[in-house]
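For reference, the structure discussed in these notes is given below.
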Amino acid sequence: MTLDERDLELIREELGRDPNATERAMFENMWSEHCAYRSTRHLLRQLPSEADHVIVGPGDDAAVVAIDDEWAVVVGIESHNHPSYVDPYNGAATGVGGIVRDVLSMGAFPIALLDPLRFGPLDGERVPYLVDGVVRGISDYGNRIGVPTVGGELEFDPSYERNPLVNVMCVGIVRRSEIVRGRADRPGDVLVLVGARTGRDGIGGAAFASEELGEESEEEDRPAVQIGDPFTERQLIIAIREAVERGLVKGCKDLGAAGLTCAATEMAADGGTGVEIDVFKVPLREEGMEPWEIMLSESQERMLLVVAPEDVDEVIEICRKYGLEASVVGRVTDDGYLTVKDGDDVIARVPAEFLADGAPEVEWEEEPYSYPENVDVPEPDPEDLVRSVLSSPNVSPALREWVYRQYDHEVQGRTVVKPGHDAAVMWLQHEGLEDVALALTTDSNPRHVLIDPKTGTEGCVAEALRNLATVGAEPLCLVDCLNFGSPENPRVYYQLRRSIEGLGKAAREFEVPVVGGNVSLYNEHEVDGPVNPTPVIGAVGVIRGLDYLEDFPREPEEGEAVIVLGETREELGGSLYLIEYHGIKGGKVPRVRYREERALHDLLRRIARKNMVSSVTDVSTGGLLAAVAELLGPVGASLSLSEVPNSVSRWDFLLLSESHGRAIVTTDRPDDVLGAAEEAGVPAQVVGEVTGDGVLRISVGPVDVSLDREELEELWRSPLHYLE
């Protein structure tokens, strides 16, 4: 990135002179889209972020939300998209490391990771290499630092072929008395740099993330990708937590984008102070580094602590006990400036608040667009349709299992509901939380968002909260990771603005605060153009009282009833069926009917917590066909889906509509479930029973389909040949 003339004029006016080379480099990174959110700050302000239980909202390294009077959950979400295309293994690994340190910087102990991933079609020349590298990077790093990866998403679409999306969400737990903020608010305090030595890896990473990828990116941009060291990260987690427990940490920041410049500047700006950094005191991994390189290096596994002078020796002693370097590199001042020194020489001096928050906001031109709602859909051959949908990489449970089997999802011994379900459940175990768990999920549907950005994003929120409800959880908060193309493209900027509007509307309707997030723009390639608009929604819920989870969810047994909850409507816009099977972009995108959706969520929580059901899944990508196959295929069932509450005109629409507000449950107490549904005002119908013979029989209108377990598993496993 380079500063434009308007930026330079503003900087000259503030400084009263031209910025020198070091100052200019710092402004280029701090005022990049990646750091400054220049195109989205004004849009994000409309999101509801406040609630009585929100302790720290947007603006710090991670959000903090109260669980009770003593404990809080810390949650953050980040993207590492460009680095993961250039170097998939290290790009993904350092994405994990960075978000873990964000959660750690708030004083929390990280307990879970989720990884929403998006790639091009598996038959793409470079895609299997990207998938393998990204999954190994996440697996190796997460497993070695001892934080379980318990959920996420996996999607394949041509728009991601040269710009994969690698998002990571991290959740931690902290005593409210031990929460640390990313600020330096006491002049005289000392800045201590802890962790790995500083090298040249990742220099300019913030600027690199603010540009589109090109044909030469794999080689030209490799120096902008950081290299991770999970062993050092593990020691950092232990050491920082010990220092926090002893009350020695007054402020803390991860050194991520723009490195030491960003960490020091934001701490000063948020604390209303200044900071002085001496680059001569920064431990280096490479000789001959220039001051600007030291200030902008994004070398991993480094954190900047604010420590009282009298506590410095104790903090350094703790770090050394765990084999970590810890060096005093500066101090907090009262002058409001970031002053960079090299020994006695002043290298740079700029107002901290101006550097952190002074980048002008940008409103780009936008170009509204729409796709036709009324589209002609050829009637398919039933056998071909069923096999095509169930063998899609976007449906295959086997492909997702191939991913999560590489992760240690049970380390720490907290994982009660494991990957493969609609939401993960993590038992908290701590004193006072023995009967409390967190439910975690991430969700997005870029195909819906592409066709209708606002309505599609509302649906992403509804699905995330619906998934929490399937395991009996009450929602606590949302975070978002907004992955879009260049805002300079008028269609993309329209998508971005409307998507954020949809997120805000849904959050207000469901009364769940959006407490933090990440914006990743310029996700496009000079050949392929922008990725599909991809707002990933992370949701955290709380469960109080865990007895029902001893026997839920479980595999359904022979004779249990299968019940479909909610109405299926003729809403196929952006569906897997229209886009992937027919190649049609258009149709009516599923609309969120908030009263109906809230009623379903309440019902799902009730029937789960009262052990009325053995298993449950919501209906989303791939419609009823994908949902019943995943839930019932391995055990076998006989289903008449024409009985489903519906308002559709064709059997294929009934089978593959992606209407919201629906779920499928199995139960040996059908009368109780139907009674609860009637009381909640949710349409419900028994559509068949579990047979236990390993054969899935589906009757819908004039069509009868039968698949045995082996056939179904063969379809699900068919995409794996690209990866094995």
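Cβ from N, Cα, C; glycine included.
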Item to check | According to Swiss-Prot, which candidate in Q226, Q235, Q429 joins S79, H80, N81, H82, R101, E298, S299, Q300, S520 at the substrate site | outcome: Q226
Item to check | Y37, G517 bind ATP per Swiss-Prot; candidate in D4, D69, D480, D551 listed for that same site | outcome: D480
Checklist entry - How many whole Å apart are the CA atoms of G517 (ATP binding site) and E78 (Mg(2+) 1 binding site)? => result 7
Item to check | Fewest Cβ neighbours within 10 Å, where candidates are the binding-site residues E78, D254, D480 | outcome: E78
Item to check | Distance in Å spanning the most remote Cα pair of Y37, D480, G517, given for ATP | outcome: 14
Checklist outcome for this item: For D254 (Mg(2+) 2 binding site) and H34 (active site), the CA-to-CA distance in whole Å is 16
Item to check | Alpha-carbon spacing, D102 (Mg(2+) 2 binding site) to H34 (active site), which is rounded to whole Å | outcome: 16
Checklist entry - To which of the recorded positions H34, Y37, H80, G517, N518 does the lowest count of other Cβ atoms within 10 Å belong? => result Y37
Next on the checklist: Distance check, please: Cα of Y37 (ATP binding site) against Cα of N518 (Mg(2+) 1 binding site), rounded to an integer number of angstrom.
Outcome noted: 9
Checklist entry - What count of other C-beta atoms do you get within 10 angstroms of the C-beta of D102 (Mg(2+) 2 binding site), across all chains shown? => result 29
